[in-house]
């Protein structure tokens with residue numbers, strides 16, 4: 001089953017999928033079902049709902065229990081019982097069927113109009129009677145109140161066959177050359193027929209005379225429609241006692257109120273193809289009009305499009321099951337198309353399971369639209385090197401990109417990235433190896449990769465907490481999700497060589513040290529730190545005053561704070577000394593030389609030393625200069 005969405009309306013194509021040939025044996029059919037997944041997943045709504053070559057027409061009986069279809073080749077009719085979801089009978093003919101009608105509420109009374117001017121009446125056992133009309137017929141309709149059968153075709157007269165008497169009655173005379181279609185209003189039995197000249201003539205069966213004429217060909221030409229050729233009337237349909245729809249050969253649908261001689265709305269299909277069928281949807285103000293390429297569903301008052309249906313083959317006939325969202329479409333293909341739209345109506349009683357299936361499909365997010373096409377953006381199109389195809393028939397613009405044939409996409413992808421398969425292969429091999437390694441026993445490290453030393457200190461601290469009771473409970477950083485990035489994100493890794501770390505290093509030392517200390521240990525550590533920085537007089541004085549006050553009055557927590565302050569100051573002085581050394585080393589030239597002074601010489605100034613030595617050397621004797 002294929003799901004498409006046009007104008008946000010979901011349409012389920014129930015006849016989508018492969019078909020098993022009838023001439024295959026049962027064994028081969030079973031083998032195909034085992035091998036092909038698409039064959040197993042297909043939905044066969046009614047068994048053998050198809051024709052050998054082409055289906056021409058399809059209708060549903062009045063009681064809704066039977067679906068009757070005609071097609072070729074050979075010309076035949078098939079009747080399907082919806083209660084059994086299978087074909088009930090099949091009958092073959094000598095000629096092709098132009099039009100057929102269901103005269104009774106079930107399949108027991110049928111009438112067929114053939115291309116060779118013959119009309120056959122069928123009962124439940126088969127052909128009951130055969131008669132020939134004077135001219136070739138194109139359409140027919142039945143009046144249930146008077147048992148009259150009306151025929152229109154290649155003639156200016158409308159022939160009447162009374163089925164109660166079994167003879168022809170006097171035909172209706174018209175002013176047109178030939179007629180293409182006819183219809184009967186079931187509310188007041190007004191008979192209308194559409195001519196090749198674009199005229200619609202109406203007859204009252206009670207007076208047996210013409211009562212009105214409408215010029216639909218002239219009214220179809222408006223500022224919003226494009227008419228090329230003769231706008232002949234091809235189909236007529238009634239919604240109720242007052243509203244009528246007329247389809248033309250140039251692709252227009254005219255909506256009439258029979259009390260007026262001009263249409264109140266004109267809808268153009270924009271294809272220029274003849275309108276083959278028009279159906280009004282029960283319970284909604286919607287109308288379905290069909291030509292050979294598309295079925296358009298739109299609002300009959302405003303013409304606003306509701307949704308549309310397209311297929312690979314041309315359409316021939318449409319039949320909407322009354323009061324449901326199911327429709328059957330006869331087309332130029334063996335398989336008769338079946339569509340279901342939940343937005344229009346529920347599923348018929350004989351296939352109520354469709355509602356459950358469609359609900360499950362709506363819950364899934366799988367997109368099955370356009371299976372043979374790939375949606376690409378303009379950036380992806382440039383990467384594939386297919387920008388020259390923009391504006392051609394190979395690309396179909398849609399929203400912010402284009403639809404591209406899937407075969408052309410694969411060829412362009414292979415040419416633009418020839419090593420894609422090798423990368424895909426390596427990726428799959430890597431995934432398979434990782435899946436195999438997953439069965440092995442993996443030893444997980446208890447410490448994280450980032451800040452493992454800090455995590456170890458925190459773990460030891462938490463163990464000490466559990467062993468010793470503390471008055472104030474502090475949060476555990478390892479188990480708190482607010483600090484998980486410290487041990488997982490490399491950006492939070494602690495650099496012990498940085499200046500910030502050296503300044504805050506006492507904080508880390510404080511975390512690593514036991515939280516409970518004796519007063520003697522705190523005092524000894526304080527004296528040790530005091531001796532290290534004893535050279536600074538101001539610091540010494542403050543340290544002496546602090547040590548005296550702490551020894552007398554402060555508690556254990558104040559000792560820790562004082563030690564932390566002293567360590568911060570000590571680290572800051574050490575950083576300043578390291579900075580001065582680095583500045584001296586960088587300011588010294590790379591080619592500097594050092595000289596050793598003699599024992600009897602003293603260094604005062606390098607300039608004075610050079611001038612005095614030169615003056616003394618000039619006054620000394622030659623012997624002294626040699627010494």
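Count begins at 1; order follows the chain as displayed.
Heads up, the Cβ atoms here are built off N, Cα and C, so glycines get one too.
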Annotated stretch (region 'Disordered', per TrEMBL) among the listed ranges 454-482, 483-511:
454-482
TrEMBL lists region 'Disordered' for one of the ranges 430-451, 606-627; which is that range?
606-627
Would you report the average pLDDT that the model assigns to the domain 'NUC153' (480-507)?
75
